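So that you can see what the record holds, here are the features copied from Swiss-Prot:
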type     : residues                        : note
BINDING  : 30-37, 149-152, ILE178, 186-189 : ATP binding site
ACT_SITE : HIS37                           : active site, proton donor
BINDING  : GLN61                           : beta-alanine binding site
BINDING  : GLN61, GLN155                   : (R)-pantoate binding site
Amino acid sequence: MITSAHIDDIRTQVRAWRAKGETVAFVPTMGNLHQGHITLVKEAAKKCDHVVASIFVNPMQFGQNEDLDAYPRTLEADSQALTAAGAELLFTPTPAIIYPKGLAQQTYVEVPGISDVLCGASRPGHFRGVATIVCKLFNIVQPDIAFFGNKDYQQLLVIRTMVEDLSLPIEIIGIDTIREASGLAMSSRNGYLTAQEKAAAPALKKAIDAMAQGIKQGISIEQVTEEAKASLTAAGFTPDYLEVRHADTLAKAETQDKALVILAAAYLGKARLIDNLRFDR
């Protein structure tokens, strides 16, 4: 696998592949990779001739008092895992390469509406940072297809909307959430959990599953939500949000809506865990 921090190196290699009529897939990451990321790379390798990955801990998407400095950097292990999964080109830029004028002077991309709710409300500016870095990476790599995990459901919709609104010629594919045996969604932030917290963490998935089951049985959204919040609190969580939304627009769920998604974010110790479940009523 070729690894470079420089934009020109990435563009030169991708141009060489394109000159031969070959297709390019892209998997952007922040590193500290787990099996969910590796699954994205393997799926990408099935779809395209070449897979490009990136590792960049993006300062623009972290708010004040968030874990930018603490976020684990594990480049050597990540590089080995990406190579084994089939990636051929790895982009590892520094913040100075991505934002040479600094964050305050950086042109940014903002996806209105869908970026302002749920995680966007809890983490102001987060999705501006996500949309900006993903747009920049798309312009650098210029892939045919890009792969993202469904665990970050709102992020996936923000990126799909950006691609559609800006007429970017890139197919976006979401891959099902990869889970540990306990049901806990794999996340780079699971490493913040103590052993006791990790034992309690599957309660988040159980609460979401119970909500969906209740809604399918005709129980009101309000009732299932209150019961789920109570179960999470009893398990040691501090819920951030727990909501039922229209699966495609993230508008608040209406009685007539069939395609729904439950989205949850909750703190467990130092970790902020997110999860979701899309289902039809």
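Start at 1 and count along the chain as shown; that gives each residue its number.
Placement of Cβ uses the backbone N, Cα and C atoms for every residue, glycine included.
Features per Swiss-Prot, on structure.
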{"residue": "MET30", "record": "ATP binding site", "DSSP (3 states)": "coil"}
{"residue": "GLY36", "record": "ATP binding site", "DSSP (3 states)": "helix"}
{"residue": "GLN61", "record": "beta-alanine binding site", "DSSP (3 states)": "helix"}
{"residue": "ASN150", "record": "ATP binding site", "DSSP (3 states)": "coil"}
{"residue": "GLN155", "record": "(R)-pantoate binding site", "DSSP (3 states)": "helix"}
{"residue": "ILE178", "record": "ATP binding site", "DSSP (3 states)": "coil"}
{"residue": "SER188", "record": "ATP binding site", "DSSP (3 states)": "helix"}
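In this structure, the C-alpha atom of ASN150 (ATP binding site) lies 18 angstrom from that of GLN61 (beta-alanine binding site). Checked against GLN61 (beta-alanine binding site), the recorded positions MET30, GLY36, HIS37, ILE178 differ in C-alpha distance, with MET30 being the nearest. Long-range Cβ proximity for ILE178 (ATP binding site), meaning a same-chain Cβ under 8 A and a gap of 6 or more residues, is found for HIS34, GLN35, GLY36, THR39, GLY149, LYS151, ALA185, MET186. Taking only the Cα positions, the spacing between LEU33 (ATP binding site) and GLN155 ((R)-pantoate binding site) is 18 angstrom. For the recorded positions GLY36, HIS37, ASN150, GLN155, the greatest number of Cβ atoms within 10 Å around a candidate Cβ is found at HIS37. On the backbone, the CA of MET30 (ATP binding site) and the CA of HIS37 (active site, proton donor) stand 10 Å apart. For the pair GLN155 ((R)-pantoate binding site) and HIS37 (active site, proton donor), the Cα-Cα distance reads 15 Å. Straight-line distance linking the Cα atoms of SER188 (ATP binding site) and the residue listed as 'active site, proton donor', rounded to a whole number, equals 10 Å.
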